[in-house]
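The structure appears right after this line, and notes come after that.
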Amino acid sequence: MTTQVPPSALLPLNPEQLARLQAATTDLTPTQLAWVSGYFWGVLNQQPVALAVTPAPAAEMPGITIISASQTGNARRVAEALRDDLLAAKLNVKLVNAGDYKFKQIASEKLLIVVTSTQGEGEPPEEAVALHKFLFSKKAPKLENTAFAVFSLGDSSYEFFCQSGKDFDSKLAELGGERLLDRVDSDVEYQAAASEWRARVVDALKSRAPVAAPSQSVATGAVNEIHTSPYSKDAPLVASLSVNQKITGRNSEKDVRHIEIDLGDSGLRYQPGDALGVWYQNDPALVKELVELLWLTGDEPVTVEGKTLPLNEALQWHFELTVNTANIVENYATLTRSETLLPLVGDKAKLQHYAATTLIVDMVRFSPAQLDAEALINLLRPLTPRLYSIASSQAEVENEVHVTVGVVRYDVEGRARAGGASSFLADRVEEEGEVRVFIEHNDNFRLPANLETPVIMIGPGTGIAPFRAFMQQRAADEAPGKNWLFFGNPHFTEDFLYQVEWQRYVKEGVLTRIDLAWSRDQKEKVYVQDKLREQGAELWRWINDGAHIYVCGDANRMAKDVEQALLEVIAEFGGMDTEAADEFLSELRVERRYQRDVY
């Protein structure tokens, strides 16, 4: 059933209020809408609602604040599980996303728990950048009355493993905070470490925070996000791939695919800005090559999560083969006594470099050894899903979800190598074939609720994906706000992703401006950050008019270069020094007017 929106003249809300209401309720289920309706009825009639009970004074019961700083959702899931544990222990707890935390109140926190991941080259998650910057600034307060604990999630295949957690932990201590527990740094397989840490936190806090009354334990932040979808990272939807289209030219150095996935009647919902999680299977040819290099058959039985499987099946479905790590290299060297690899052990930088440049199968090829099947399995990490920025809006595509996939391809001594998930989608799933997917919601990359707000989108390469979703949504909403796109890639003729669609949006007036940077079409390389500087005066006018700025793409280089260009534009045309420009951009971030989806 479709609910018709009544004419605006009959509504007691102005257009801006209506837009905010629609944005806040667009992804709610009927059950959630019913609860919201009852909540507002209770407010109107001054009746108590289950989640609006007044907590006891802080003097009687010190509150526990959990700050969740998540990039891919894992840190948020750990924080939510801890909140539930503390509520079950009848403790007064509040869970807040780092992007929503009013960080100036940190001085009044008595019991503070931080759960954080790390992105890029050791940076905090996007939603925690402002808090991180505040704590490391001269404005950070003393925290002598604060006890804290930090749980850090990371990936040991990266050089700056768990750096964000290390930063928060050391800075909170430096500001005078008392450690409740030593920091825990967890790898990709974080679940066991998180479970143990949560139990220790609950035990530590029981002695610090008196037990809350039943009404208090319900009232103090038990609600953060309510997900009623039956599909999740651990229980994905089995959908079907309906379109796999190469959208770069035949002479392009890049292989970029437009992928469409049919969600059927699953009811799975997403918003522009969300990501699609994809569970993939390793290439059977890669599995066969690795097994044969180790003088195994692939039929050997191995144990995976309590189940006995043939080695080939375990490697294809359950273990990471396309990402090597320093730990794997070190363990393989020690296990096999490899003369080639043992000299690397103890040298973190060399181990990291070798792992970053050498696939597991090539490590085995270059340093051959014989391992039994269980030893191989124990060496590897569990397979994890890959996240892709969603390139569609359900306002246009309904029961579909689109993604833009840059396929990773390269050669090693004449042998073709490819990325695990990208080659799975591009090469190994037939049309109408099955794909296991889930939605990773990202409330830190959202279109403005006010449809009149101007939007500036900066997305070179596959970073264009969410802005296709943005434009579909803005067109469907008939949003009067202006839209400006900055896009870049090597060549105009080969790499202009979704060219016809952008031209149509310009013709229809949906896309107000488009600035393009082709880095290889002339002698001097030109990137999107150069276009930002070139259009600095107009860019500053848009910012002064309230524009929201969005950046999507590579975290390590592009995002940093774009941010530097924005700072230069703000300083030059806003008449500010470097420090003031940095403060101005930080304020835009806090106001959700500067949002990034970087990876």
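Glycine is treated like the rest: Cβ placed from N, Cα and C.
Per-residue confidence over the domain 'Flavodoxin-like' (64-202) averages out at a pLDDT of 94. What Swiss-Prot lists as domain 'Flavodoxin-like' is 64-202, and the listing cites sequence analysis.
Summarising the annotation, Swiss-Prot assigns FMN binding site to 70-75, 117-120, 153-162 and lists sequence analysis as the type of evidence. Note: Y158 (FMN binding site) has non-local neighbours T118, i.e. same-chain residues 6+ apart with C-beta under 8 A of its own C-beta. In the three-state DSSP classification, Y158 (FMN binding site) falls within coil.
Positions annotated as domain 'FAD-binding FR-type' by Swiss-Prot, on the basis of sequence analysis: 234-448.
The FAD binding site feature in Swiss-Prot is assigned to T322, A356, 386-389, 404-406, Y410, 419-422, Y599. Taking all protein chains in view, 21 other C-beta atoms sit within 10 angstroms of the C-beta of T322 (FAD binding site).
Under DSSP, D561 (NADP(+) binding site) is assigned to a helix (H, G or I) in the three-state scheme. Annotated NADP(+) binding site per Swiss-Prot: S519, R520, K525, V526, Y527, V528, Q529, D561, in sequence order.
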Quiz item: For the domain 'Flavodoxin-like' (64-202), what are the DSSP-based totals of helix, strand and coil residues?
Solution: 58 helix, 31 strand, 50 coil
Practice problem: Mind giving me a neighbour count for K525 (NADP(+) binding site)? Other Cβ atoms within 10 Å of its Cβ, every protein chain shown. | Solution: 12
Quiz prompt | Integer Å distance between the CA atoms belonging to G406 (FAD binding site) and S519 (NADP(+) binding site) | solution = 18
Quiz prompt | From binding-site residues S117, G120, Y527, D561, the one whose Cα lies nearest Y599 (FAD binding site) | solution = G120
Self-check item: Residues S519, R520, K525, V526, Y527, V528, Q529, D561 [recorded NADP(+) binders]: greatest CA to CA distance in Å
Solution: 18
Quiz item: Looking at the binding-site residues Y388, A421, R520, D561, whose Cα is closest in space to that of G120 (FMN binding site)?
Solution: D561
Quiz item: Of all the binding-site residues given, F161, Y388, Y527, which residue's CB has the most CB neighbours within 10 A?
Solution: Y388
Practice problem: Please classify the secondary structure at V528 (NADP(+) binding site) using three-state DSSP. | Solution: helix
